[in-house]
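Database features (TrEMBL):
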TRANSMEM  30-56  transmembrane segment
DOMAIN    46-103  domain 'G-protein coupled receptors family 1 profile'
DOMAIN    113-224  domain 'G-protein coupled receptors family 1 profile'
TRANSMEM  133-157  transmembrane segment
TRANSMEM  177-195  transmembrane segment
TRANSMEM  207-226  transmembrane segment
Amino acid sequence: MVSAFTQTTHKGNVTTFFFLGFNNTAVYNLLLFILVLIIYIVTICGNFLIIMLVYYSKTLHSPMYFFLSQLSISDIILTTDIAPHMLHIVLHERTSISFSEFCGPNVIDHLFCDFNPLVELSCSDTSRVQMEVTLLCVPVLIFPFLVIVVSYTYIVLTILKISSFSGRLKSFSTCSSHLTVVFIFYGTLIAAYLIPKKGQSQTISKIRSLLYTVFTSFVNPFIYSLRNKEIKDSLKT
């Protein structure tokens, strides 16, 4: 399939790119389409519910819930930017987008127009761009991740001072679920943009992209908000 697409590449500038998706059987792609669609719908509904609850419930008018509603808005924007086109690629097995500044192969072996698969098709020297991305990862990824880890370290130290065993257990349960989402999100991003790509499986790369673009937005409402007692009370009223 790749060679068939590549043969259609123009000798001049490339203006259209084709996506391969997972490049599997129709049944597999249909099951993947249904799974991603369900995740997308639940993500939108869950995050929209949180936004509405924070907006209408006076008991939730506090800085913490304001920031949780901003997280929900960010999740909706991120997922809506990625998921619909991803669903189109998975359902139709192949799809294309228009794009110019390229002259070689026009097949992107990925689920959406991610940075690394696109740069790999460039006919020019991309070492400077790659260096800029690596440097930007420090303030954008590494620094926030370290701040979160340090913050949760202090939280854990505070939890250890709780005299009640049940209180410590409940607090550790909450923190562990939060940290799981943090490690999935930042771990996959760091793996995608900092670890050398040579020898990496394309399937692993695609699954990794699904984790930080779709999965984390899906679980955020359940981890950060819907388990909260005040949110549950607002749902009942």
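Yeah, the Cβs are placed from backbone N, Cα and C, and that goes for glycine too.
Automatic prediction, not curation, is the source of TrEMBL annotations.
Since the structure is predicted, the reported quantities are computational estimates derived from the model, not experimental observations.
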For the transmembrane segment (30-56), what are the same-chain contacts with Cβ under 8 Å, counting residues 6+ beyond its ends?
22, 24, 65-66, 68-69, 72-73, 75-76, 79-80, 83-84, 86-87, 90-91, 210, 214-215, 217-218, 220-222, 225-226, 231, 234-235
According to DSSP, how is the domain 'G-protein coupled receptors family 1 profile' (113-224) divided among helix, strand and coil residues?
90 helix, 0 strand, 22 coil
Could you give the number of helix, strand and coil residues in the domain 'G-protein coupled receptors family 1 profile' (46-103) as assigned by DSSP?
44 helix, 8 strand, 6 coil
